[in-house]
């Protein structure tokens, strides 16, 4: 699948060894080094292409954009893979409700997402794979699990046998009752007759009338389950194990728990660290496609909002924070952008040295991607700007993705 253009990332001067980039691991509930090796590998779970791109999406992908920028500045080779779930129940339901062919809906929304990511200067994945593209690899993987006794059939469907994975449950660390409730709430079918365990997830859904299906070989015609898609796409894009799997906080369970389990059963390894972004609210409730309380990036931009203002508004909050969007966020971000732009044109000899901004922003991002602390460092300099303003311009560009 075609990605979007890569924004320029200017090189920054460095003296001394870079600090390790620490992130909050959702499994251990502690700060860990995101990628200790020379190559840093990241899989961020992508969109289901309807109602794209809302600010919840943008907030999540901004977190992993910052992570990549911190890695690149530390001299690492970054390999980033993501997906588009371009066939799934919610997409099919929306297409049916609106009378649009599901393929056209997916195509149009994916293109809108590309446009929004370009405007927000997000670094694109090296490989960006649609669920439909991944079907041959998913068929191979599910067939292998079935042959190994790690999966079983229920009528025309194939389910993972979670008892084959002793590590299941370690990613989220939830009790059985909580897992069952969340599984039912987030697309699972714990009450399906014939399953060995209520939490066993679908790997392959048999053909249904009026729904798209593909040749599954010995699996029969059908389409892939959600979790196996990401396991296979991450495996094929990064290899297993890899450094970081990321997404919104609502993906911790069941999606990341299940996809990690599938990866272990397929190749004996999975993500080493799981990182999750906080969820945004609007009008008093979490932004939700089902509720319809979404704020769309494209509509903000169409109304004349500078995309750097949108990016700054999101950066004003730590990526793990749960917060509510209001129009005040944009006004505050626009004032900040105006202040920074004015400051780079008005440096003076007794102002704060520009090098202090570079050091402070680096330190902030190395400490769990602390964007608010990074913005505060630039604010301090902008209040009394000194030194080479070009250093500040390059710093906020390379590390924060803000083009002044």
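Keep in mind that glycine also has a Cβ here, set from the backbone N, Cα and C atoms.
Here's what Swiss-Prot has on this protein:
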- 45, 46, 47, 48, 60, 83, 84, 85, 226, 248, 249, 250, 280: L-cysteinyl-5'-AMP binding site (BINDING)
- 45, 230, 255: Zn(2+) binding site (BINDING)
- 186-199: compositional bias 'Basic and acidic residues' (COMPBIAS)
- 1-20: region 'Disordered' (REGION)
- 185-216: region 'Disordered' (REGION)
- 47-57: motif ''HIGH' region' (MOTIF)
- 185-190: motif ''ERGGDP' region' (MOTIF)
- 286-290: motif ''KMSKS' region' (MOTIF)
If I take the alpha carbons of residue 230 (Zn(2+) binding site) and residue 84 (L-cysteinyl-5'-AMP binding site), what is the distance between them in whole Å?
9
Chain-internal residues, separated by at least six, CB under 8 A from residue 47 (L-cysteinyl-5'-AMP binding site):
53, 57, 84, 85, 109, 110, 113
Between 0 and 100, where does the mean pLDDT of the motif ''KMSKS' region' (286-290) sit?
83
Cα of residue 60 (L-cysteinyl-5'-AMP binding site) to Cα of residue 255 (Zn(2+) binding site): how many Å, rounded?
15
With DSSP as the reference, give the number of residues of the motif ''HIGH' region' (47-57) in helix, strand and coil.
3 helix, 1 strand, 7 coil
Spatial separation of residue 255 (Zn(2+) binding site) from residue 226 (L-cysteinyl-5'-AMP binding site) - C-alpha basis, Å:
8
If I take the alpha carbons of residue 255 (Zn(2+) binding site) and residue 249 (L-cysteinyl-5'-AMP binding site), what is the distance between them in whole Å?
10
Counting Cβ atoms within 10 Å across all protein chains shown, which of the binding-site residues 84, 230, 249, 280 comes out on top?
230
Looking only at 45, 46, 47, 48, 60, 83, 84, 85, 226, 248, 249, 250, 280, the residues listed as binding L-cysteinyl-5'-AMP, what is the longest Cα to Cα distance in Å?
23
Under 8 Å by Cβ from residue 45 (L-cysteinyl-5'-AMP binding site), counting only residues of that chain that are 6 or more apart:
82, 83, 230, 245, 246, 247, 251, 255, 256
